[in-house]
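Over in TrEMBL, the protein carries these features:
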type: TRANSMEM; residues: 75-101; note: transmembrane segment
type: TRANSMEM; residues: 121-147; note: transmembrane segment
type: TRANSMEM; residues: 237-261; note: transmembrane segment
type: TRANSMEM; residues: 267-289; note: transmembrane segment
type: TRANSMEM; residues: 327-349; note: transmembrane segment
type: TRANSMEM; residues: 361-382; note: transmembrane segment
type: TRANSMEM; residues: 443-464; note: transmembrane segment
type: TRANSMEM; residues: 471-492; note: transmembrane segment
type: TRANSMEM; residues: 498-525; note: transmembrane segment
type: TRANSMEM; residues: 532-551; note: transmembrane segment
Amino acid sequence: MSTPLFSGLASSVVDDAALLQQPLLLLPSESNTTAQVAIVGSSVCPIESLDYEVIENDVLKADWRSRAKIQKYQYIFMKWILCFLIGLIVGLLGFFINLAVENIAGMKFVVTSNMMLTGKFMVAFLVFTSSNLGLTLLASLITAFVAPEAAGSGIPEVKAYLNGVDVPAIFSFQTLVVKIVGSICAVSSSLNVGRAGPLVHTGACVAAIVGQGGSKKFRLTWKWLRDFRNDWDMRDLVTCGSAAGIAAAFHAPVGGVLFALEEMASWWRRTLLCEAFFTTAVVAIALRALIDVCLRGKCGLFGKGGLIMYDVTSANISYHIRDVPPVLLLAVLGGILGSIYNLLLNKVLQIYCSINKKGAFRIILACSISVITSCLLFGLPWTTSCHACPSNASEPCPTIGRSGNYKKFHCPHGYYNDLASLFFNTSDDAIRNLFSKNTDTEFHISSMLIFFAACFFLSIFSYGISAPAGLFVPVIVTGAAYGRIIAMLVGSNSNLNAGLFAVLGSASLLGGSMRITVSLCAIILELTNNLLLLPLIMLVLFISKAVGDAINGNIYDIIMTLKGLPYLKAHAEPYMRQLTVGDVVRSPLHIFHGFEKVGKVVNVLKTTQHNGFPVVDNPPFSASPVLFGLVLRAHLLILLKSKTFLRTPAPAGPYAIRRFSDDDFAKWGLGHDDNIEDIELSEEEMDMYVDLHPFTNTSPYTVVETMSLAKALKLFREVGLRHLLVIPKFSGCTFEHNVTHHANSSVAPLLNRNFVEMLCLAHAENSSCGYTDATRLHARTHTEFASNVGTDQAEKAEILSSLN
């Protein structure tokens, strides 16, 4: 039903000429970088929102009614087929990436070790450094100049997308290829980066590409996939793809589902849970079918292919009440260390941001980090002494040319270098060595301190360069070293061996940095295959997360803030309950009549970047001005391209509806929308009319101006809205970025808050019914205000002035 409008809106649509003469934007739209943010100096592009709301207009309704019953079942069947394909492809890609890393890194370590056996230490150093430099150079070149969006882990971008932010080009085929090749090169180059985050992004890319049903650019399309070319179905598939990425990285299908639920997805339902679970199950089966190859030694030259669980199973594991205090200490310190890690990473990325804006300097930065890393990995083992091989060693000592706890390095026969056993290994093998049981005395505390400090800082400085890089594995390695140090300090005062302390140390640092609990617990259990550790892991994750939350934000939120990616949180700030949507609405609106001149439509589309416009019926087509609905920019462009115009303002009739189908409104991936500049119209056509009624969403979400901002945020978040119309007093509408904490933090000091972060997030939403002047990125400052400030009329006026 149409909604009667208020006099303010009626007066705003009477004089169209006056409306068009008003300034369209108070300030120019800010732009945000999309790749490893300004961190790698990617191309600048505007931030848009996604249309997760199901559109109800006459054209789409008619197309749905015309379908046969078998077509409706085809949609359900194809959804499960796509989930199967996503799981299979991601599983194969995960196996391929692991296989490539093990072979490339293995060959590098074998060649270097053979040279050291003959005493050619300088030649070995040059070969080791140059091979690492070459791999890093290749990764940074293809990332910087082919697909900047492939830099970093990709988790913040995917998380923002699932929250409703259209980040351009993050799921393109170029991004996928560069992500795979760059991740292999970066991890093989001994940079302290992981492949779990890039695999999450890889899974999301695979899901988005499969769901698009081909390529519009190369005219390769499949009509039977047209039902999935929309934002809400793409959101489900990308969620399944991100879950599959974690499952492929850690061989943890349940952990993958829980990670997508806990950390990635903003909207969740039971059907999506089943789809994600099925997708990760396919990944697990695909990996299991290939894992026998690794067990026969054909998976890589070094280690076991990176797909075998870290077996810390022990039939003698037992712990008592006296073991709890050391674990509590480990958890608290892990939360503190995780917070320090986040703080330092934030500072380093801000520095990298300025460096990477200078073109070729991003390549120089990546190569410099590679050379420094190689010097440390090769040089630090020389600072430690050699140790005699233990008489009861469970494997040959020393180990030469393969993974193990007893690396010979420069030591004489019968001795090993414990620090080289960790540095001269792939990350997977280093974790195995640290997690291994019955090795309490094989690693010495001085070596552990050096290894911990090196991993801690190298992982911070390696992330943010122009290359795919994850944080999961570096944090696991660093946490394992930290856990070993705690075990050595505790000594015989605990029944837990050093390997178990290493597992708990990894859990504590992960919880303190990433602030994830349930999914990390499942991932660690699936990694270690040890259910007896479940109570301790749960305790460590909970405490470390609580300590970290009391200090600063989680790592992915920090990176999203640096990238300028808006994120609508699940909870409202307390001060939002004292504001209404009428306080933050932006006006005047750009409004269309139900029968509108083509020239006006073209003019508004060319002079604004808004993506939603209210449609109003005026006399004589209605007794009084009424809101008919909301029409999207994309649908207006389709209508203009079809040139379904009228010479007089009259209903177009059934003919206009029959000319279009659901396929015409399908979205061909991110960044492939039509442009108003590409549509050519004659002067005669510009003077004609267009009937907007068949293309207008007749049931937009509409609220009264007195709704609290907190309630509006909940509505945006749970329903997945892009636009929200506000009636009856204000001629405007609010939209997603107006209800975020950052967009309204400037008024928080007036609303009973002692400390406030004055940060107006650069979010050129470009999808509002009106416009906003809150698109400037201000410097972050912290100001202390007196508490218990009232909200009388004078302060209310000050609040509104700060918003407007």
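Here the Cβ of each residue, glycine as well, is placed from N, Cα and C on the backbone.
TrEMBL: automatically predicted annotations, no manual curation.
Computed from a predicted structure; not experimentally measured.
If you look at the transmembrane segment (237-261), the same-chain residues 6 or more away from its ends with a CB under 8 A from one of its CBs are 82-83, 86-87, 90-91, 93-95, 155, 158, 161-162, 171, 195-196, 199-208, 210-211, 228, 268, 272-273, 275-277, 279-284, 287, 307, 309, 472, 516, 518-520, 522-523, 525-527. Outside the transmembrane segment (327-349) by six or more residues, the chain places 37, 39, 456, 460-461, 463-464, 475, 479, 482-483, 486, 496, 501, 504-505, 507-514, 536, 539-540, 542-548, 551-555, 558-559, 562 with a CB less than 8 A from a CB of the stretch. Non-local neighbours of the transmembrane segment (532-551) in the same chain are 312, 317, 319, 324, 327-328, 330-332, 334-336, 338-339, 342, 500, 503-504, 507-513, 515-517, 520-521, 524-525; each lies 6+ residues outside the stretch with a CB under 8 Å from one of its CB atoms. Counting Cβ pairs under 8 Å to the transmembrane segment (121-147), the top-ranked stretch among 75-101, 361-382, 471-492 is 361-382. Sequence-remote contacts of a segment are chain residues at least 6 beyond its ends whose Cβ falls under 8 Å from one of its Cβ atoms, and for the transmembrane segment (361-382) they are 40-41, 124-125, 128-129, 132-133, 135-137, 139-141, 144, 189-192, 352, 355, 409-410, 417, 419-420, 423-424, 450, 454, 458, 461-462, 465-467.
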